[in-house]
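Visitor: Right, I'll just put the structure down here and ask away after.
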Amino acid sequence: MAKQLVFDEAARRSLERGVNAVANAVKVTLGPRGRNVVIEKKFGSPTITKDGVTVAKEVELEDKLENIGAQLLKEVASKTNDITGDGTTTATVLGQAIVKEGLRNVAAGANPLALKRGIEKAVAAAIVEIQNLAVPVEDSDAIKKVAGISANDDQVGEEIASAMDKVGKEGVITIEESKGFDTEVDVVEGMQFDKGFINPYFVTNPEKMEAVLEDAYILINEKKISNLKDLLPVLEKVAQTGRPLLIIAEDVEGEALATLVVNKLRGTLNIAAVKAPGFGDRRKEMLRDIAAVTGGEVVSEDLGHKLENTGMEMLGRAARIRITKDETTIVDGKGEQAQIDARVNAIKGELDTTDSDYAREKLQERLAKLSGGVAVIRVGAATETELKEKKHRYEDALSTARSAVEEGIVAGGGTTLLRIIPAVRKAAEGLQGDEATGARILIRALEEPARQIAVNAGEEGSVIVNAVINSDKPRYGFNAATGEYVDDMVAAGIVDPAKVTRTALQNAASIGALILTTEAIVSDKPEKPQQGGQGGGGMGGGDMGGMDF
């Protein structure tokens, strides 16, 4: 396909028009008084949302050149959302402001590369100041406020804070759709995995169809068990203790399974067998996690172990094990905390290096199971449209709460971005020429989120920005929800995670600076409408008029 090439100012202005198209649709959602955006869906009911990244992802422009600019700004929103789960609208507003102010200076003759360097140096100074202003999150009250602000709903904040209290800050919290109208929080204590009993004869409670083993031993075997001869030595040793036994293996089949069932039915041994969770290398790691939690060892040929030589010291222990047809829960495993901590640290190391969202999700699940619990928030609503929107707000609020725990909180409502302006201005004083101009571009952009929040609340943005900047109080800001000025935004519960503010600024500045230094665009040439389309239709009327298609 033929390409079109556009250069210089024309290229940059095309990108700017695309940036403006996305930003103007997204920024109306910013703040507590932000408006909704209705998104048409080809199938099903329309989506109504106040989530910036959801709006941004739906924007596709007809003009190919403008669409490139739109895609670049969408990248800002998506990347910010991937890292923190919030701050997408702030990042979009910052990106638009940097592009607008920057292109004005480029058109006036400024050196784009010098502007880019100035913006980058100003961002570095801004990030240091954000970290200085951050307050550590030490109680559930702060988490409740952060999550509540993200979702624009105090009830959401309360439920997420409650779930975090129950499972810990590292715990897994999943958001699911409820079949009813009400939202509820369920907490599963202990370590749970999605594999149930291999055979229903292992059930100890027929009414509930579950097997419960109290003060049980746990045999963790990496391979299939089918040969009774290999398993018999362990069974005899456990039988002498009179305690129950849980076998976790790739599978248990043949004469080994038949013997277990017979012994269970006769009452010789209270026993149950479940398949190991996961697949491949992930299964091996999950078995090692279970071993760490229960104080046992994985019987693995890779480690030189054989099932027939397994001693009692290699078996794990747990106070209670509950097994249903779908899942197994191990409560109060007897593993040493040092071993569990070592596994946790190893998983955190993998989390820092992985690029895959799927791998990250699975690592987070393992981390939570080791840390002692899983909470499920089941979101209820009256209609499908409301349910989708509500569930999305819960997911955003949860990500925001995690970000707050990670790097602390700062004053919200765009206040922190205004408060770091003096530090950026000081950094700009050490710069020369167009680099100093680049720093001033960022200073101007830092005002935009607070201005837009005020505009969405029906106030005069510039008046509010000036009032906050000129105040001597370090956390003085404007509460757009009530239309009042507040002496201490953090004390008033109007807060943002420092990580969200930092990430939004970094991503916006990165894309903004790239657009300023763009000198050419190469894109597909628009296709011309085919000639003679009408004539073809006329011809078809003669011979084919009676045919049905």
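Including glycine, each Cβ sits where the backbone N, Cα and C put it.
The following feature annotations were taken from Swiss-Prot:
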BINDING   29-32, Lys50, 86-90, Gly413, 479-481, Asp496  ATP binding site
COMPBIAS  532-549  compositional bias 'Gly residues'
REGION    522-549  region 'Disordered'
Visitor: Specify the count of other C-beta atoms within 10 Å of the C-beta of Gly87 (ATP binding site).
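Guide: Its Cβ shell of radius 10 Å holds 32 other Cβ atoms.
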Visitor: Around Gly413 (ATP binding site), how many other C-beta atoms are within 10 angstroms of its C-beta?
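Guide: 28, counting other Cβ atoms within 10 Å of Gly413 (ATP binding site).
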Visitor: Taking DSSP as the reference, which of helix, strand or coil describes Asp496 (ATP binding site)?
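Guide: Once the DSSP labels are grouped into three classes, Asp496 (ATP binding site) ends up as strand.
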Visitor: Where's the emptiest Cβ shell within 10 Å among the binding-site residues Thr29, Thr89?
Guide: Thr29
Visitor: Quick one: give me the count of other CB atoms within 10 A of the CB of Gly31 (ATP binding site).
Guide: 27
Visitor: Cβ distance under 8 Å to Ala480 (ATP binding site), same chain, sequence separation 6 or more: which residues?
Guide: Gly31, Pro32, Arg33, Gly413, Ile453, Ala454, Asn456, Ala457, Glu459
